[in-house]
Ligand SMILES: Nc1ncnc2c1ncn2[C@@H]1O[C@H](COP(=O)(O)OP(=O)(O)OP(=O)(O)O)[C@@H](O)[C@H]1O
């Protein structure tokens, strides 16, 4: 079946690749337009250009010419990609080197492409993305060329105050010492490894050194993640003597997004951000473009803390910057201050508990990168499963799933008894609390179980499974639930940011019965007895349902959307093994949403395919460029 829209003007090889679903019509159009404007007629260059556009569309920053045949098509397509008329890579490279479209070439009125030689082969860029990568590379190199001046003795006592004495290697203490002594720090770690805990203490240490005048900018790529960061930091602010009014915002807001303006952001290379320290949480979801905008806008003497889990799903836009920053070639040197503060931790030998740093990790400290590894929220088999998925060990994953652990279970696609029970039981708890107006309990109830899907549509998609789950609930409650009419216990998902009502894309909530006195209030009309409750720290945030514009009923959710949330039990409904969405990063993200139990529904072949398929995101940041 052909699923791609076919570009009418495409001819020859482009048309064949377009019809096969490898290229979208838009890729073909862009390639044809550039070739027309730039005076290029070579089919090989046209194909490479269209593949470079496609690469960016699917999350890569550039096209890796050594791997340009590694493309996946829609899983419903029956086309054999290998049978397409792929040109020889040497011919494509030679044609590109001659092309008037390439920057550095002699001719050409328009040169939007760039060929970049790296230690691992040639990359083809749309120049704009190359410039963004260069910006990131240059800013990071400049920032690592100098270090903040610190009072080592004062810092040492602050580290002891916040992280205890140095009797055993402690990655959190190392991260804090690193952040205090370098301008740019990357704190990587899986869920619950204490990233936010550490960041809050780093801020406390910096406040202790500089006083309350320290200007702190807290940001995250999404409104929901920003709200979580703010809550988490403010919960600890009294204990840590942090300024009580710290607020977090989206990266767009931090940079001063100006719709319609040519410069786009108020803060940029010519007008730097007014902070002494900038913290970005959930950095795995930051795109290349946003990272370059952020780094160009920070002052050289602003500390930058990039925090996140590099193994999780990335932004839908091009780039996997956090993973790249963790893996990029090491630059910089260890400062004497760091060595004197945590030399004891660094000297500790490697040990199986992952407390001490490996030689590679010690080396990466020079680039300001540290990974927290000890799960504080969950441990045992869920953590083992996440590690096996992360490491691509499908045998270990299947062994763990098939073992006797009470934290993991694995069911065939037809075995829905367990998930049905969890859906129905969760709805019963939520509904009972909602009917009695107990919003906190209803919201907590929502976290008992979540059904997660890879796809939005189709037989394995959220649409279908949300409907099925709703029918299960309706049947158990002896009613037919209608998502078009508010009802107590109705689980909600926000699908767009609304700064006015302070609810954000990805927030979940629940409809609850209002309190009795409200019902008697003549100012509140009948339907207002129902309220939409959202979690905001320890107190629920109540809104009239009519204030909600972009909202869905959520009995199932995509794994992408579940990022940043946790549930006691997670049921992951796997698609067919051929699905190109089914990747290691997707499985890892789904599994790490669970606190107590992970249930996987699908075939063994699907598990294997998911563990083995990695999101392919080509970029140059991890490589060494050749002049
Ligand atoms: N050193 C520590 N001592 C005691 N408790 C800790 C420590 N580090 C983290 N915790 C606790 O572990 C839990 C998880 O920590 P935290 O929320 O900081 O993790 P995280 O890595 O930011 O998680 P997520 O990725 O889900 O945001 C929190 O309850 C936190 O208070």
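Backbone N, Cα and C atoms are what each Cβ position is placed from, and that goes for glycine too.
Copied over from TrEMBL:
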- 189, 190, 191, 192, 193, 194, 195, 196: ATP binding site (BINDING)
- 19-117: domain 'RecBCD enzyme subunit RecD N-terminal' (DOMAIN)
- 554-601: domain 'UvrD-like helicase C-terminal' (DOMAIN)
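Across the domain 'UvrD-like helicase C-terminal' (554-601), mean pLDDT in this model comes to 92.
In this view, residue 193 (ATP binding site) is surrounded by 22 other Cβ atoms within 10 Å of its Cβ, with every protein chain counted. A simple way to gauge crowding: the CB of residue 195 (ATP binding site) has 23 other CB atoms within 10 angstroms, across all the protein chains here. Here the domain 'RecBCD enzyme subunit RecD N-terminal' (19-117) is broken down by DSSP into helix, strand and coil counts: 46 helix, 8 strand, 45 coil. Fewest other C-beta atoms within 10 Å: among the binding-site residues 189, 190, 191, 192, that description fits 192. Neighbour list (residue 194 (ATP binding site), Cβ cut-off 8 Å, at least 6 residues apart, same chain): 172, 372, 374, 376. Across the domain 'UvrD-like helicase C-terminal' (554-601), DSSP helix (H, G, I), strand (E, B) and coil residues number 12 helix, 17 strand, 19 coil.
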